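S.K.: Residues annotated as region 'Disordered' in TrEMBL: 25-53. Per TrEMBL, domain 'Heparan-alpha-glucosaminide N-acetyltransferase catalytic' is recorded for 56-178. Per TrEMBL, transmembrane segment is recorded for 57-74, 94-115, 127-146, 166-184, 204-223, 316-336, 348-370, 376-398, 418-437, 462-482.
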Amino acid sequence: MDTTVVAIAGDGDDSFRRPLVAHTEEIHPYEEPPSSQRAPLDAAAAQPEQQRKPQRVASLDVFRGFTVAMMILVDDAGGAWPGINHAPWFGVTMADFVMPAFLFIIGVSAAVVFKKMPNKTAATKKAMVRAIKLFILGVILQGGYIHGRHKLMYGVDLDQIRWLGVLQRIAIGYFLAAISEIWLVNNNSVDSPVSFVKKYFMEWIMAMMITVLYVALVFGLYVPNWEFKVKISNPTLSTPISLVEMKTIHCGVRGSLGPPCNAVGLVDRVLLGENHLYKNPVYKRTKECSINSPDYGPLPPNAPDWCLAPFDPEGLLSTLMAAVTCFVGLHFGHVLIHCKNHSQRMLFWLLASTVLTIFAFLLLLLGMPFSKPLYTVSYMLLTAGVSGFLLLLLYYIVDVIHIKKPFILFQWMGMNALIVYVLAACELFPTLIQGFYWRSPENNLVDITESLLQAIFHSKRWGTLAFVLLEIVFWCLVAGFLHMKGVYLKL
């Protein structure tokens, strides 16, 4: 089979570029014998090094593909099913575990990709170029230039462009993790737990420094009163026009974690500017701001002014904390590299995931709530711990007991995760399809298909869910087709 790798930018220097199938990560744990001749779990690890052949860790692709599928599900079905949508401010739902899981697997992959670096300067350049391309792509897709489904238009006022978003957060987290892996890891060999700690000690220090900086700023910065602009219409005029009104939010506090007076929003307003923040923040679904909470809806009587204020859920300070999730992924990747049998890997992953989860609930008891918009330390620990448990489960099922067929769709999607995310989760493909319609814009293939399923199920909610599940299967098959052709699209 002819194999074509479409690579916009590699993961490192050309001298250690991986051939063909190793377009993401490849390790060399062992060669698996036929199932009929399979020895006990760890027996294969005892084979001499020269008898081992490179084998892809399929569970990493499955994990990545499952995460992208969940992104599509919660983004496209969350409006019809508020229960799977993001929590309005405090607490967690299924949707709140998706983005951290993606950051986590990025860290795992970075640990494997950068395990050997003949040229650190070249590796740094490649990581920087990849991060910049991801960031620019994020600005184009999520900065307001593309208006999404149901809006056949494009373009953005540069005075209103949103600088940060999901891909930008991924770019920053990836870059910090990659640079740490390139420059903070020594060349000592690992032959014991002590040598393992010594090899990666500086990375752990880096992660702790980021965490301490985040906590210091969130609880130490003074948040003064602040103003923002809100557009209002005047229906009394013969020709209605939009007016701009200034709203004042009264704060004058430190350490607040509520929507109006937190330091995360302060940093973004000062450094990015009010115009460049997300205009439809998740706290508009809180009880204070929506009569349909936890869904969006009209403002209740006497709603506070901050319900209309902008807030970026992927802001600077929260993104800094989100990058620590990538560092947790690095640790899991290091265990994958240095532990040569299944039992050791699963044991260390189980311990790490358990510790992370326990500390998350301890912080919750001490008064630090779970909050995705703020990306609190407790939220980071909880989601990283759950990601670790998920990786452990998938690794056992897919790579240990070799139950792969039920997960093949996710595996295909994981091999081309970036292109699926861009086309599906960012709604680029459905937006393009909707541009071709019959007589009226709503008569397009996407909307007609969704309406048909809603009619079949006699329910808007169930019809939307069926449409989104069909969309996920479609993209899994597209990714599978690309895999069969040997085409892997990535930055």
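Cβ from N, Cα, C; glycine included.
TrEMBL labels come from automatic prediction, so no person has curated them.
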S.K.: Which residues of the same chain, at least 6 past either end of the transmembrane segment (204-223), have a Cβ under 8 Å from a Cβ in it?
M.R.: 176, 180, 184, 251-257, 261-264, 266-267, 317, 320-321, 323-324, 327-328, 331, 374, 376-377
S.K.: What stretch of 57-74, 127-146, 348-370, 376-398, 462-482 shows the most Cβ pairs under 8 Å to the transmembrane segment (316-336)?
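M.R.: Going through each listed stretch, the top one turns out to be 376-398.
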S.K.: Tell me, roughly as an integer, the mean pLDDT over the domain 'Heparan-alpha-glucosaminide N-acetyltransferase catalytic' (56-178).
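M.R.: In the predicted model, the domain 'Heparan-alpha-glucosaminide N-acetyltransferase catalytic' (56-178) has a mean pLDDT of 87.
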